[in-house]
């Protein structure tokens, strides 16, 4: 199949001149040419979401541009890459497209929000959280596309937009990027970003001071509201009641609602069913931990922003060691730069590796090394460690092994489960969470983990 078509290339060039940069980069550029026969132009979108959005929002625009180039009417149809056979797409070209897409940062052609505009909109937005600073990867492409769609057309299809994902994966960044985008397009837009904790405190304050009218005006008379960490509504009955009516008032007035949580609506506990139902009535988009390629792109972009030159092998080393979230990844980058600056040591893997703690083993280790060291330390056999034994000494050793493997290798949760005798990824996740909790409350566990880390460091440095 021909994947580079001169007509589609010309159409893209034309659209690049007429559409905003974020719109073009997010929707038009990723679309791949499939075929052009008898006036029918077939395009392949990366996923069903993109295909549907293109069909609803850009079909006529593309058809008009194609008609101007071809000199006759052109009908455009869209297919989803996920719904067609893998052999119908040139995979090499598609992979290149995805790699390029990951490293592009999208935003308006204008500059960041100016202090003047911010003074007009006391919205609580962080200047750093804009689309152009967000690195898009397979883990976040859907959430990014949905966020941009809402920023471009608020109060329409995706209302509310519910963004969910673990800590430090970019939920707040995307939420606030929506707010910045709206303020740039319309400086008079009333945008409000607030954490659930702040909303709760405002409600409590309003009750105490008999000022609920002012609180309701504050939250209900906005064009766009961004509510972070909605899971903290759990158990707060009166606050839930107030938020329920606030949600209804905003939705009925056509205001856009964006909500972020560490889990999807159907997994929230201690929250009224009627609220969960409303959270689910729009679009839910999750963000997963970034893959190695995306983590590398994030570090490269951060190095560019900080005007730092880091060796490629060091960037890859950091990207390989910090796998759970972006916050940890960027924190490791900052510590590495600070360490090299203070000590005067060169920016190399050998010099930086030992200080990349506390959540990283700090050296290159293999799954076999982790299992061997944990087995030796706790004096349990390797076979018993990877078995299904629930004896407390074995179970505790296994949990620590899973924790160390998570933070000492770039293996995914399912892969770690495989290393421990085919355990389910949820079992691995639970084990890691248990160790993380105990590290701050149980000195004995903390000491055991640190001693095994030290043993792994000693072994690994022999190979540096």
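Glycine residues also receive a Cβ, built from the backbone N, Cα and C atoms like all the rest.
Residues or ranges marked as ATP binding site in Swiss-Prot (evidence: sequence analysis): 168, 170, 171, 172. In the three-state DSSP scheme, residue 171 (ATP binding site) is classed as helix. The Cβ of residue 171 (ATP binding site) has 26 neighbouring Cβ atoms from other residues within 10 Å, across all protein chains displayed.
Annotated region 'Domain I, interacts with DnaA modulators' per Swiss-Prot: 1-79, in sequence order. Taken together, the residues in the region 'Domain I, interacts with DnaA modulators' (1-79) have a mean pLDDT of 84 on the 0 to 100 scale.
Annotation comment: Swiss-Prot describes 79-123 as region 'Domain II', evidence class sequence analysis.
As annotated by Swiss-Prot, region 'Domain III, AAA+ region' applies to 124-340, with the evidence given as sequence analysis.
Feature annotation from Swiss-Prot assigns region 'Domain IV, binds dsDNA' to 341-464; the stated evidence is sequence analysis.
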Neighbouring CB atoms within 10 angstroms of the CB of residue 170 (ATP binding site), all protein chains considered, total 27
Sequence gap of 6 or more, Cβ distance under 8 Å: name the residues on the same chain that satisfy this around residue 172 (ATP binding site), in order along the sequence. 126, 129, 228, 260
